[in-house]
Amino acid sequence: MTISNTIPITPELIAGHGLKPDEYQRILDLIGREPTFTELGIFSAMWNEHCSYKSSKKWLRTLPTKGPRVIQGPGENAGVVDIDDGDCVVFKMESHNHPSYIEPYQGAATGVGGILRDVFTMGARPIAAMNALRFGEPDHPKTRHLVSGVVSGVGGYGNSFGVPTVGGEVEFDARYNGNILVNAFAAGIAKSNAIFLSEAKGVGLPVVYLGAKTGRDGVGGATMASAEFDESIEEKRPTVQVGDPFTEKCLLEACLELMQTGAVIAIQDMGAAGLTCSAVEMGAKGDLGILLELDKVPVREERMTAYEMMLSESQERMLMVLQPEKEEQAKAIFVKWGLDFAIVGKTTDDLRFRVVHQGEEVANLPIKDLGDQAPEYDRPWRECGKPAPLPANLVAAPKNYGQALLQLVGSANQSSRRWVYEQYDTLIQGNSLQLPGGDAGVVRVDGHKSKALAFSSDVTPRYVEADPFEGGKQAVAECWRNITATGAEPLAATDNLNFGNPEKPEIMGQFVQAVKGIGEACRALDFPIVSGNVSLYNETNGVAILPTPTIAGVGLLPDWRKMARIGSANDGDKVIMIGLDGSHLGQSVYLRDVLDSREGPAPEVDLFAERRNGDFVRSVIRNGQATACHDISSGGLAVALAEMAMASGKGLTIDLDECKGAPHALLFGEDQARYVLTVPADVADFVCANAEGAGVPFRRLGTVGGDALVVGDLIALPIQQLRDTHESWFPDFMEGRGELAAE
């Protein structure tokens, strides 16, 4: 059958599909003829960064992905990690950045929908969600509109679907003015012996379309997600998908019910590049060809072309390879749930991806070259220069320490996120044990009296910009520390690597060095990367975002009754710092928000100290000796103490007389591998003796009690004043009140 080409393939059309001239030449060499318009769209979708990872694949292979608990690492819809008793946790984080900037509500909502599908495609029931959000500076004219839309979209979809949002991040910086970041995380629980993969097996088997009908929404979405923005941004609004969480809930239940029947050979959700990507991935992974008949695809719009059907990113859709004898049983399940079920093709043995529409073959391409043998680049990169050292004695001390602390806890980036997370259902399913606002979200595992999972998401972009290698290490270390601070054992992580244009050697250098740092930290902390996502070209008019390699992790609590919270201290408890005295002010929020400076190097991450100190803290919590615990990160010791006091409603009397160094470095330094513990007075000596025996540095800081945070003669702030300052920034900002400077 000859393939006729009705639309001329011009250089402008090729460039409009995000394909470079040498990539188009590669297509001509591969197929020996000019591609059809539909084929051009298929190559464009499969060879862009979003689907092929062509600029990042070389470096992602260097990450540690295996461990004693890892059941499934990268390459599937989500990672799978053993949590004992025949159960496993299935999780992943991925970005929906570009759509969320163009259409914040739907962009964020469908980001949540997509990540939930990745989890339940594997056979897991979602139990927790998180999101890491980055916006432009607060006084930028679009920021409030974007915050409102994204938060509503995340909440609207997650709440309706019925999954608790248990954690996340929200930060502001001028470098996100033109490209916000929406990184969505989901985790689910499955049986370890009942995981479903996307690799097709067997020739001549039916390829089945499941879920909602196909429309024109999202056509070209994957290509848009692999491009820089410019003034034509508003024209891209039609490429944003529209989500329906109630359909997705039905799809979840139908899929899990179908998976019980033994009918499913392979299953893949339709995400980026829709039907194209899901069909190609299933076939290429299984070394099979796929034949699709588009006339059988359920559509909700008239006169859709083959190009539109292949590249539509309509939501709530799945593709499956089915046991033929179970067809009627499978169809009955989907009809019961009010969803479409259509056999749209079959597996073949010719390694071709063939598409037929209205009796005409509109695509006939080598499937491996679209899938796992797509182009891969070793892009040129250069190391980033590092800022000069910044000794603490060269950094000005505040005139008023109490005022400086209030400035930090009431700033755009350190203030309470209550306004955000109160719009999310944090309690649905009835298993949430720790809600947003602490170090990590904690969710009980259904059916077990004591087992729970801890979740955290972290990155400090200002560190990554100053030193991508140390910043990559720090993102992993802080995530590991936040999980540890609940008493959980960190099991594994997922990464969401957000960067600018990889064709610029300095941006590619940030990426390469951050990945090297992430890899080193994951190896040192036994914290493998089991899934992830890369989002490149986050630039507008040549201005790149801050490099933002978000790390989300999962930890296991064998007994949640012994977990620690940040606000559970009792009157009379002793306050102990684990780790060294603060000394590092480079790239600190004190420097940025109080002194309006971005100088100095990122703090160094001593991974041996992280491991030693964290393992000790976890043992104290699991032995039932800690009443509260908090890791020390942005804002240093002062902000950590303030957050613990605000969370517990109990004052702290702190004495720094034994500490060595300048007071502003002790209080606001952001040295790593540090925690604040509170322990009952009668076990304080025992805990300190154990720390000494384990070679863990510690400092006795003071006592819990009263209604104020008192630090020597430097700070004396009533908890209520701290709370009022901490809680007011976000509502004031969203209602357009007060001073809204980000810095």
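Including glycine, each Cβ sits where the backbone N, Cα and C put it.
Keep in mind that this is a model prediction, so the values were computed, not measured.
Database features, via Swiss-Prot:
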{"type": "ACT_SITE", "residues": "HIS50", "note": "active site"}
{"type": "ACT_SITE", "residues": "HIS96", "note": "active site, proton acceptor"}
{"type": "BINDING", "residues": "TYR53, LYS92, ASP495, GLY532", "note": "ATP binding site"}
{"type": "BINDING", "residues": "GLU94, ASN533", "note": "Mg(2+) 1 binding site"}
{"type": "BINDING", "residues": "SER95, HIS96, ASN97, HIS98, ARG117, GLN241, GLU313, SER314, GLN315, SER535", "note": "substrate binding site"}
{"type": "BINDING", "residues": "ASP118, ASP269", "note": "Mg(2+) 2 binding site"}
DSSP-derived structure type at GLU313 (substrate binding site), helix or strand or else coil: coil
Closest of HIS50, ASP269, GLN315 to GLY532 (ATP binding site), Cα positions, recorded positions only: HIS50
From HIS50, ASP269, GLU313, GLN315, the recorded positions whose CA lies within 10 Å of that of LYS92 (ATP binding site): none
Distance from the residue listed as 'active site' back to ARG117 (substrate binding site), taken between C-alpha atoms, in Å: 17
ATP site, defined by TYR53, LYS92, ASP495, GLY532: further same-chain residues with Cβ within 8 Å of the Cβ centre: LEU60, PRO74, MET93, GLU94, THR494, ASN496, LEU497, ILE529, SER531, ASN533, VAL534
Distance, ASN533 (Mg(2+) 1 binding site) to HIS50 (active site) (CA atoms, angstrom): 8
Whole-number Å value for how far ASP269 (Mg(2+) 2 binding site) lies from ASN533 (Mg(2+) 1 binding site) (Cα to Cα): 16
Rounded distance in angstrom between the Cα atoms of ASP118 (Mg(2+) 2 binding site) and TYR53 (ATP binding site): 18
ASP118 (Mg(2+) 2 binding site), number of other Cβ atoms within 10 Å: 28
In three-state DSSP terms, the structure that ASP269 (Mg(2+) 2 binding site) belongs to: strand
DSSP-derived class (H/G/I helix, E/B strand, else coil) of GLY532 (ATP binding site): strand
Largest CA-to-CA spread of ATP binders TYR53, LYS92, ASP495, GLY532, angstrom: 16
Cβ-Cβ neighbours of HIS50 (active site) (radius 10 Å): 27
